[in-house]
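Trainee: According to Swiss-Prot, the record shows the following:
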- Asp92: active site, proton acceptor (ACT_SITE)
- Asp264: active site, nucleophile (ACT_SITE)
- Asp92, Ser93, Gly94, Gly95, Phe96, Asp146, Gln189, Gly216: substrate binding site (BINDING)
- Cys302, Cys304, Cys307, His333: Zn(2+) binding site (BINDING)
- 245-251: region 'RNA binding' (REGION)
- 269-273: region 'RNA binding' (REGION)
Amino acid sequence: MSKFSFNINHQYKKARSGIITTAHGNIRTPAFMPVGTRGTVKAMLPESVAETGADILLGNTYHLMLQPSAERIAKLGGLHKFMNWGKPILTDSGGFQVMSLSKLRKITEEGVSFNSHINGDKYLLTPERSTEIQHLLGSTITMAFDECTPYPATFEEAKTSMQLTTRWAHRSREAFVKRDGYAQFGIIQGSTYEELREQSAKDLIELDFEGYAIGGLAVGEGQELMFKVLAPDFLPQNKPRYLMGVGKPADIIGAVSRGVDMFDCVIPTRSGRNGQAFTKYGTVNIRNSKYAEDNDPLEADCLCPACQNYSKAYLHHLVRIGEILGAMLMTWHNLTYFQNLMSRIREYIALGKDFDFTT
């Protein structure tokens, strides 16, 4: 089995392109990870997700621990077999969802106690339990358990939260079962305070994670402030850097130019289900009546099924009447667009060219 590794093949200014080698195959970077929260990318077959060019997708610890449970998925052979996905899977730690979805939650040094948003059952999620769940799922890349600092936060609030994340990172690292081809990433926190993010990075580097994530951003602070405190330069040059929850094309391009390697976001899938398509000419709201008799495809040179086989008029019709096929085709197109964007970014880095495109 291959060892987990990251090789940078090309670098232009701060932007890098390379290959992450894992037990479940290679990941070309910079990489965009479609979000498969509950063991599925909404409105897509797993093989269709692969056809868009995705090398890796994201699963969610919080949702999978509630339904159908990590133990059941392990009994059935792990998440890869369960959902018929043979490529790498990264699972988040569950911390963000606990904070955002569970209204009745209590944070202590031990972890987070919360009530399920599904049936009200009480749970305790600790660094050890989060790491165990991800191991049961068979995650290729496991995330350390963290507290996603609420925004806005005062300096002292952000410092207290960041220090808790650091202590939890120590426990997550101790609980992680090291195996060839598998990895665990630590998560940098610190809200919008560069000083705290630098300290968080220094603390987590001591734990020698296989990669590092930048968490707690894209939560309302705006692009300018996000880029100001992004701080990938604080992280090791030879390990992957993952900006969590960021997926607007302009944000991806800006973050890559600052040295980030991995991204995930629900934007392409959620937007697709809501009738919004990403194109190189800008976004298209297919619900708009001006597309009712438009016989042209979304993008003539796009190779996705939506563009190769159907007109904007047909997609308009499907979305307006709420047909499932509309959500499927729009999602397929958006995921293809995002993978094409990443491919173009990798090509520009290899050629040593500035990113002269915005979408």
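Easy rule for this one: first residue shown is 1, then count along the chain.
The backbone N, Cα and C atoms fix where each Cβ goes, glycine too.
Could you tell me the structural context for the features on the list?
Mentor: For Asp92 (active site, proton acceptor), the same-chain residues 6+ apart in sequence whose C-beta sits under 8 angstroms from its C-beta are Leu58, Gly59, Asn60, Thr61, Tyr62, Met143, Met244.
Asp264 (active site, nucleophile) falls within a strand segment according to DSSP.
For Gln189 (substrate binding site), the same-chain residues 6+ apart in sequence whose C-beta sits under 8 angstroms from its C-beta are Asp146, Glu147, Cys148, Thr149, Ala158, Ser161, Met162, Thr165, Leu196, Arg197, Ser200, Gly215, Gly216.
Every protein chain considered, the tally of other Cβ atoms within 10 Å of the Cβ of Cys307 (Zn(2+) binding site) stands at 24.
Distant neighbours of the region 'RNA binding' (245-251): 32, 96, 215, 217-219, 223, 226, 263-268, 278, 338, 341, 358-359; these residues of the same chain sit at least 6 beyond its ends, with a Cβ under 8 Å from one of its Cβ atoms.
DSSP states for the region 'RNA binding' (269-273), grouped as helix (H, G, I), strand (E, B) and coil, give 5 helix, 0 strand, 0 coil.
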Trainee: Using a Cβ cut-off of under 8 Å, list the residues of the same chain at least 6 residues beyond the region 'RNA binding' (269-273) that approach it.
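Mentor: Long-range Cβ neighbours of the region 'RNA binding' (269-273): 34-35, 41-44, 283, 327, 330-335.
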Trainee: What mean pLDDT score does the region 'RNA binding' (245-251) have in the model?
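Mentor: Residues in the region 'RNA binding' (245-251) carry a mean pLDDT of 96 in this prediction.
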Trainee: Around Cys302 (Zn(2+) binding site), how many other CB atoms lie within 10 A of its CB?
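Mentor: So the number of other Cβ atoms within 10 Å of Cys302 (Zn(2+) binding site) is 18.
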Trainee: Tally every other Cβ atom lying within 10 Å of the Cβ atom of Gly94 (substrate binding site).
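Mentor: Within a 10 Å radius of the Cβ of Gly94 (substrate binding site) lie 26 other Cβ atoms.
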Trainee: List only the single closest residue to Cys302 (Zn(2+) binding site), chosen from the recorded positions Ser93, Gly95, Phe96, Asp264 by CA-CA distance.
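Mentor: Sorting the recorded positions by distance from Cys302 (Zn(2+) binding site), the top entry is Asp264.
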Trainee: When secondary structure is assigned with DSSP, how many helix, strand and coil residues does the region 'RNA binding' (245-251) contain?
Mentor: 3 helix, 0 strand, 4 coil
Trainee: At 10 angstroms around each C-beta, which of the binding-site residues Gly95, Gly216 has the fewest other C-beta atoms nearby?
Mentor: Gly95
